[in-house]
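Data block below; observations after.
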Amino acid sequence: MPMTPSEFKNRLLFGSLPRSSSDPTDLQFTEPNVPPSLFSLPEHNDDTATDMAPDQETEQSVSKSIARQALALLVVYLSLGVLIYWLTLDSDNAYQTHPVAVALYFFVVTFCGFLIVHFVVKIGWLDSFCFSVMMVTTVGFGDRAFNTWLGTFLAAVWLLVSTLAVARAFLFLADARADKRNRERAKKVLGESISISQFFAADIDNDGRLSLAEFAIYKLKQMEKITQEDFIQICNQFDKLDRTQSGRITLVDLTTATSV
């Protein structure tokens, strides 16, 4: 249909105008009036699913990362305990605890307080570890305190148990060092030969001969397993039992001593 002069003017000023609904050329392009829900989902559902998928993936990756870090720290902690115990292990001692058992012992002692502080006092993991270590060593942690009765009760029990456990551990270490020193001294004494001066020092009855008892007593003195005072007390007890002064203890002497 040809345009009028006014339509041509409006076309030049405002651009193309939408065709009227009466134009028959529009009928072939008109879509049927069908609800859009029959063919596609609403647009906001796609956006919501798109937004939730990355969040779920992020949370899963973070949880997996935390689990891996916790497992790695546990392995490192136990490995360090086993390594330290293994380096200080004395091969001469026949009665030794398995290194893994010792590492687990120290792990349980420190980790129990670590969990109590974290879940009861509600502080961070690193602060919980420092707090538990300071509680065990009775140093204290002035910046934090237990505000609930449950936390105070658990802290009281944990302080008592952990302090005794650490004291027992230090006692074990001191005994181990003393035993190691004694074994080294005994090994050195037994590896030495006796000199002339030592011969006269070991000859208790001064008869110019060393009996097995005299030699054993002298070696025990050198190993510091028996002192001169201990030897004197043993001799006094022997003299009390040897009533006949024969240098030997008989059954008659024992019977007389028992009846008295």
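Counting begins at 1 with the first residue displayed.
Positions of Cβ are set from backbone N, Cα and C atoms, glycine also.
These come from Swiss-Prot:
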- 1-68: topological domain 'Cytoplasmic' (TOPO_DOM)
- 69-89: transmembrane segment (TRANSMEM)
- 127-146: intramembrane segment (INTRAMEM)
- 153-173: transmembrane segment (TRANSMEM)
- 174-260: topological domain 'Cytoplasmic' (TOPO_DOM)
- 229-256: domain 'EF-hand 2' (DOMAIN)
Folded-back contacts onto the domain 'EF-hand 2' (229-256), same chain, C-beta under 8 angstroms, at least six residues removed: 217, 221
Number of helical, extended and coil residues in the topological domain 'Cytoplasmic' (174-260), per DSSP: 59 helix, 0 strand, 28 coil
Confidence summary for the topological domain 'Cytoplasmic' (1-68), mean pLDDT rounded: 54
